[in-house]
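For 1-130, 166-206, the entry in Swiss-Prot reads region 'Disordered'. According to Swiss-Prot, the compositional bias 'Polar residues' annotation covers 22-38, 57-67, 167-178. Residues or ranges marked as compositional bias 'Basic residues' by Swiss-Prot: 80-94, 179-189. Feature annotation from Swiss-Prot assigns DNA-binding region to 101-169; the stated evidence is sequence analysis. Summarising the annotation, Swiss-Prot assigns compositional bias 'Basic and acidic residues' to 112-125. Annotation source Swiss-Prot lists coiled coil at 227-285.
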Amino acid sequence: MESTASAVPPSSEDLVADTKENNQPPFCGTTVSGSSQAPLHPHSPTLQQDEREELTLHQSGEQQLGNSGELRQEEELPKARRGGWNKGRKRKRSPRDNNAPKAPLTGYVRFMNERREQLRTERPDVPFPEITRIVGSEWSKLPAHEKQHYLDEAEKDKERYTKELQKYQNTDAYQTYSRKAKSRQKGRQQRQEGVRGVPSNTEKESILKERPIFDIPIFTEEFLNHSKAREAELRQLRKSNMEFEERNAALQKHVESMRSAVQRLEAELSQEHERNSLLQQHLQSVRQALTHCLQSVPVPGTTETPTLETIDLYMSRLQNAVLTHPKESEVIISGVREVLSQLEG
């Protein structure tokens, strides 16, 4: 009977039930919800295929979670610091070439140097940054024709610097400085490349052994006393600097007053020179007139008549003769009076 039943083909109702069971989402080891559904056989082909698909999805989900966890761990790791200049470390400047020609000054710098000294003299109480701001404002408001003067001077200075630089580049001093600069640049590049390279553990240990360790007692009483002494010294230096600046300002005022006095005396001296030249011209004209008018009046007791070169000596001798013999010289005195009256006329 059992063999006969097993040989009977399934009916259409059984096929429909089996189709309904396959359309439901299977779960391994569980039953489908619903009172009308029957439990699935664990060894059915449909259940094995669903379990394989579920296992594949589970493994892919775990792999994605693992990848995302690794990404988060990589993001949480501190990023390696990029190579560059250490914070707090001062960059060393290249040594200056003392033999090189002096660099040219711009028009604004020339105006600032000239105007800054004037402002410091006129207003010594104004601080340096305020003076710089005032000079910058004046330069921006300066007319174009006045500004052109400083720009022309700067252009001349630039031409001078170009010529001197061309001459200097042909000298041995420049060649020596250029070789030293190239060697310094090469050494700096090598040091930077050495810093970029990551040393091994043994190299790190050797570096730590060779590096001296300085124990700086910054919180001890001696260090605090040293800091206080340095602060007191700095305060004293600032005070001395302020006193010297005040003295310098007073001396600048005194120098300006002396300059104005010298200029005033020079103006008076030039006026006196002009007056002297006018008096010399007038005296020369008087000598010429006396020489011309007294040609016929000789000195008493002599035959001496005046000339342009001897008029001063002639007048002195004539005065002595008149004072010595006044009665005998009355005729000469009357003649001289007539001549002088003609001269005045």
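Note: Cβ is positioned from N, Cα and C throughout, glycine not excepted.
Applying DSSP to the compositional bias 'Basic and acidic residues' (112-125) sorts its residues as follows: 11 helix, 0 strand, 3 coil. Summarised as a single figure, the pLDDT of the DNA-binding region (101-169) averages 88. Remark: secondary structure over the compositional bias 'Basic residues' (179-189) totals 11 helix, 0 strand, 0 coil, with classes taken from DSSP. Here the compositional bias 'Polar residues' (167-178) is broken down by DSSP into helix, strand and coil counts: 9 helix, 0 strand, 3 coil.
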